Each structure stands twice: as structure tokens, then as C-alpha cells.
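Per TrEMBL, the features are:
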- C294: active site, nucleophile (ACT_SITE)
- 30-35, D55, R60, 108-112, 149-150, E183, 294-297, R364: NAD(+) binding site (BINDING)
- 350-474: domain 'UDP-glucose/GDP-mannose dehydrogenase C-terminal' (DOMAIN)
Amino acid sequence: MTAGSSALNRPVVDYLKGSSINMVKICCIGAGYVGGPTMAIIALKCPSIQVAVVDISVSRINAWNSDQLPIYEPGLEDVVKQCRGRNLFFSTDVEKHVSEADIVFVSVNTPTKTQGLGAGKAADLTYWESAARMIADVSKSDKIVVEKSTVPVKTAEAIEKILTHNSKGINYQILSNPEFLAEGTAIQDLLHPDRVLIGGRETPGGQKAIQALKDVYSHWVTEDRIITTNLWSAELSKLAANAFLAQRISSVNAMSALCEATGADVTEVSYAVGKDTRIGPKFLNASVGFGGSCFQKDILNLVYICECNGLPEVAEYWKQVIKVNDYQKNRFVNRVVSSMFNTVSNKKIAILGFAFKKDTGDTRETPAIDVCKGLLGDKARLSIYDPQVTEDQIQRDLTMNKFDWDHPIHLRPASPTTVKQVSVVWDAYEATKDAHGLCILTEWDEFKTLDYKRIYKNMQKPAFVFDGRNVVNTEQLREIGFIVYSIGKPLDPWLKDMPAVA
């Protein structure tokens, strides 16, 4: 799978049919959390490559071409401003850029199916198939088509069949190049990846395509970090990686429940466990639960693949990761309600943080949605503050059905109404004023340094803090006068008398 030393000096497209052009053109279909940042870094590191990011959403492309990018990611704005208009372009003219491209990345939504075969588990490949058929329709030259979305194993084979049966004599090579980005650190992850994984066919054409994409990444990624595999291994590796990460979070969250029951401190337990070099310290922070666009979706997908391949025991094993995550969110809501005299009806509860993690505005599958819905179900009044999430997004999330978020914006149901018991404010002190309790649901750094004496003074008494991210100093807050619940920590004497029933 290696090429001679002259490989880097030849145009990428040479690997397809020996043709030669002056400037390699890359097109990415989908201008979301993956496509936008990934293409921006490729443009930054490969000035000789022209990169176009295309999307049918006019509002999204307009945002990419403005000073207010459609996604928040530390460092992204600087990269986009350096490259935009030079060798990085954002456009709604999908067919033109796909037709001209040598390499087409496909980074479209792959939502969980909500009806039909595999509903609730299987990935819906409608948008992927539409993209493949469009590529076949508009292509006039050979292309490398790269899977960038997280897709089920064997998707490449299906896409290959669509392209081959509609090829009109054009040669397509399909590659799997899954992303391993963590939101909040995506730019650093792209600049300094643990690995770049490229899967392709074990044929001469497939190997040439692998080498072509390898040459793009080798502008800034060292050879030892670029892994090449067959198509199926690359596709499954992405699902497996997310399943393993989510499993660690559910493992430590399961331990947090036991710690509360026994008086142990989950922070001390996870630190001791993480010192074992075979385990390591990462992803061992107990919390209200995992969120984000990938973990739950990918595990459900994995479960469905296992069931389809006659592996019910394996499917059941991975289901438990999601069950523990749901249990943790329910446990948190029950703890809030039971602590406050078993009712939050008409009580103001401040929600600090709505994004699924700090340093991102992404709310997809955020635990905050289920926690807020649980409290609203008990008729609480919520005052929500998050430094990066808009009121429109919060209201949309609280009225949307499960899995609707993963469809393109223009195909999502419009929010029928706002939730009347919810107000969204732009200040933590406003959110907590006259509140009976406050819930910390995102680990934003600013929540560690709030003036909690001021907050306590302006809250109803007794004043409760429910820390779903273990960011506050519990002893200091108790000295101020708060009744404090931190996940997996020894319980406040008040809480011991009011056990949470999950």
C-alpha cells in the first residue's frame, strides 16, 4: 500500500486513470459539524488543492460565507478566514462542484430510522443514497468517492453498486475515511490526529485510490498515523470506537450510583482505576450521561447489525450501555424531585448548560433534553442559560420528537409551539434568581467561577445545587448554605433521608 517517493509530487487524480490536471479538486457534500471543519483543515494544509463544501441548505452556506459561522468550534473561525475565497469555497451549487471534483467526500446525515424495518436502531441511508445517485447523474470524469459520515458496515458496497450500475463508463473508487473528531477539540483533533483511517478495496484500483487520499493527508499527518484497511474494517472501526468510549462513560456512571449508596467518592474511585496503565484515565468522569450526535446512534446501529447477523447476545451487551445512560438521566431527575419535598410543581429550577459538552453549541442528544423534559413532566418552571445555545434551538429541542434532530434542517418539523414553562436567559445570575434549585448540566468553565454567595442570596431557601458534571466545590457550597448533590459523591445529610427512586 506504499508508493514511491515521487508519489507526493504527482496530482492525486493520476491514481485513477493516469490523467493529469494542474489543480486537484475536492468536493464535500454536507456542510455540517464534520464536513465544514474537515475541509477547512484540508484547505489550510493543502494550498495546492481546491476545496468546495456544498449543501442544499441556503441558510447554512450563507452562514459559512459570513462572519457568524453556523457551528461553534474553538479555532475554526481563524482557519476558515485564512482559506475562504483562496482555496476553500462554500456553495449551494452542488452539482457543479461534484461534477468538477476528483475526490468527493460524502458527509450527509445518517439518522436512526423512525419507521419501517429496523426502526429505532438501523441507520437511515436515504440521504446517502440520494447523494450517490446525484454523483452518478452529474459525473463526467472518474472519481474517488469517500464515506465521511458514520455508516453501517457494508454501506460502501451498496453505494458502489449504485454508482457502478449508473456509471456511463466512468470509473468510481469507494473509500471509507471515518472521522474521529471530538466536538470542542475538533480543530486540534484534525491538526494532530491519533490516526487517520482509510479503507478501500483490495484491488489495484482500490489501492491507488487509498494512496491518493493518503497523499492528501500526508501534507501534515505522519506516515505512521495513517492506517489503511479494507472497507469493512474501516466502517466497523468507527462504530466500535464510539461504542467503546460510550461504554466507559456508562461504566463509571454505573459506579457513581454505587458510590452514592455506599458513601464512596466516584472521583477518587475513577482516579484510582485510571492509574492502571491498562485502563488509563480518559472518559472516566461521572456525569449526568453522555450525549452528542454519535454515541447513541452508533451503538443502536451496532445493535441492529449484530441482530441482523444472528448475534443476539452481542446485541444485548451493547444495549446495556444505552440503558445505563438512560438510567443515569432518570436517576438525576428523580434525585432533584425527591430532594425538593417530592415535587417541583411550579418551582423555578435554573438549568446551567444545555449543550452536550463544553466548548460547543451542539445539543444533539444532550442529556439536558431528557432532564428538562423530566422536570417539565413534574410541572417545574425552567430558566435555562447556556453561553452558546440559542433560545430557538432550546425550544426546538424540547418540542422535537426523538431522532428528528438528525434530519437536514429544512426537513425537520417546525416547532409547533414554545414550551411555556421554559424561559431562556443570557446570564447565570438571571437564571438562578428566585430559583428553588439549580442544575449544572454542561461543564462550562465559567460555572466553576460563578459568585455562588450572590446566587445563594437571590435563591429561594432551602437552596439546592444539583451538579450533573461535578464542576463545583461541594464543601464550599455547603458552607455558603446550599444543599448540594454531586453525582457519585457522598450524599449531603439532607439527601440521605430522601432516597432517589430510579
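Every residue gets a Cβ built from N, Cα and C, even glycine.
TrEMBL entries are annotated by machine, without manual review.
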Among all the protein chains here, how many other CB atoms are within 10 A of the CB of N109 (NAD(+) binding site)?
20
Cβ contacts of Q296 (NAD(+) binding site) (under 8 Å, same chain, 6 or more positions away):
A246, F290, I322, N325, E365
Between T112 (NAD(+) binding site) and C294 (active site, nucleophile), the C-alpha gap once rounded to whole angstrom:
11
Determine, using Cα-Cα distances only, which of these binding-site residues is closest to the residue listed as 'active site, nucleophile': G30, Y33, D55.
Y33
Mean per-residue pLDDT computed across the domain 'UDP-glucose/GDP-mannose dehydrogenase C-terminal' (350-474):
90
Helix, strand and coil totals (DSSP H, G, I; E, B; other) for the domain 'UDP-glucose/GDP-mannose dehydrogenase C-terminal' (350-474):
42 helix, 19 strand, 64 coil
Long-range neighbours only, meaning 6 or more apart in sequence with Cβ under 8 Å: which ones does G30 (NAD(+) binding site) have?
V53, V54, D55, F105, V106, S107, V108, N109, K148, S149
